[in-house]
């Protein structure tokens, strides 16, 4: 290690007369070192993050089956195909329903859980730990567990719903219920995350406004809607964006639970991309689907960047 | 921020400190009692909803086969049926998959951290023209979602001859933005003089990094490491695509391999196999949850 260390040892320092030249040499050396240090990351990101986006954009303009030598260039034919195909419209709609459902429900529930965990209650740390645990468990495992819970013949959920006199649907094999079922599973997986983020947000809020509200005899509901919620808006925005990005890309739960089915009932954009690329071997349509997802997510992410930048001077 | 003198100490729970969001604050005594009961009911409900599926997994994995297929379901297995684990273990090359998962997770996480440490050190302690612009370009890579680059990355890995190999699963994950970002944010809080002092002592940058900066960054390195380990252990879609034989599968993908055309057949064994995947993560989580939560929720409350 020491032998290869690019050291600027004192004994190698040239005599005073050459100070300026040596300073320049030192600086050049530092530049070289900088490049050497970031090189592994630069190469990896170039090869596996930036280049694939460019290459994907190119693929989306071709009609290629992943096997033939030539990739016929078809301009925007893939996009025209997709935008004129009602089934692709359904894919987009399903993605919006799934993602929207997950985001709205998990954020509402997560905020309620955060407010609950913000109270001085016994065992709240334990409950916080419990609620966050699903978030770090593999989606494939979660899908497997819930497939068993949803089982229409002897599933746990059938029994629980039975207590309230509700007949459990066939969930994953019923095309009307498969997508709502996936939403339930995903909400279960992510609500704890949302709650913990909100809890951190709540505990970081300035206290003086609450003092003022108390002096003004504002009730807890007013205080929440007039003070907490507006102050939490940067947190809300962060959670909304990360939830959209996460749920847009949901894949493992779908792979395990429904395989995009029954029929195409749970074929979302991410499943569509996978399906086109690795089952239908249609690089063009997979590429076009991926481009659409990329553009959507970049728009959403940059909206967040802009929003948070405008809010920085806020606290 | 100046806190009013009447405030109790800061380690008091927030609601008590401020009265905010409290459904019970300042009401009459019976109202307060009912409020607390409701709060505790809510807390119990949240706890149960989070934990029941996990309990159901663990209990089903040791249920005798007959009790798996009964309705109404049995909450507590009548006896512990460890045979499920044996059946699961023998139904697919799970021994091999465990090794694969461990290799992919550990090598992947260590590699990612090394790459991240080098670049974060460079961004904080080394001079370079337009350094911040380069950093911005790095951050832009965060906007590239995994799903979008699946096919091109598969083709790159195929060109390199890495399909169905550890290299194919692991190497693309070495590139790091988030880990690098967190480490950089942390290193920026270290005093700049560290570097000058090291220079005067004749230490090179690698040695400064190894003997001074890294020890001082230990908490953040641990956080980033644990998050990387958990994320890579759970990774599914990339290992699924890049491997094509059962003996190269990782555990989450292995779960899918138990599925037949009619779905899962032997639920007891499937639940046991799911335990293979879930239990290590849960153990890590219960010991290192502080680090995991800090790492995963980073960036949430800061502008």
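Heads up, the Cβ atoms here are built off N, Cα and C, so glycines get one too.
If you look up TrEMBL, you'll see A:1-21 marked as region 'Disordered'.
Under the heading compositional bias 'Basic and acidic residues', TrEMBL lists A:10-21.
The annotation transmembrane segment is assigned in TrEMBL to A:31-54 (among others).
Same-chain residues lying 6 or more positions outside the transmembrane segment (A:91-117) and placing a CB less than 8 Å from one of its CB atoms are 124, 127-128, 131, 179-180, 182-183, 186-187, 190-199, 201-202, 224, 236, 239-240, 243-244, 247-248, 250, 264-270, 272, 292. For A:91-117 (among others), the entry in TrEMBL reads transmembrane segment.
Annotation source TrEMBL lists domain 'ABC transmembrane type-1' at A:92-304.
Within the same chain, residues 113, 155-157, 172, 181, 184-185, 188-193, 195-196, 250-257 sit at least 6 positions outside the transmembrane segment (A:129-149) and bring their C-beta atoms closer than 8 Å to a C-beta of that stretch. Summarising the annotation, TrEMBL assigns transmembrane segment to A:129-149 (among others).
Within the chain, the transmembrane segment (A:177-202) has long-range Cβ neighbours (under 8 A, six or more residues past its boundaries) at 94, 97-98, 101-102, 105-107, 109-111, 113-115, 117-118, 128, 130-135, 137, 139, 142-143, 146, 150, 169-171, 228, 232, 235, 238-239, 243, 246-247, 250, 253-254, 257-258, 261-262, 265-266. The transmembrane segment annotation in TrEMBL covers A:177-202 (among others).
Annotated transmembrane segment per TrEMBL: A:223-248 (among others), in sequence order.
Here the transmembrane segment (A:283-301) has Cβ contacts under 8 Å with residues 53, 56-66, 71, 74, 77-79, 81-82, 92, 241, 244-245, 248, 269-270, 272-274, 276-277 of the same chain, all six or more residues outside its ends. The transmembrane segment annotation in TrEMBL covers A:283-301 (among others).
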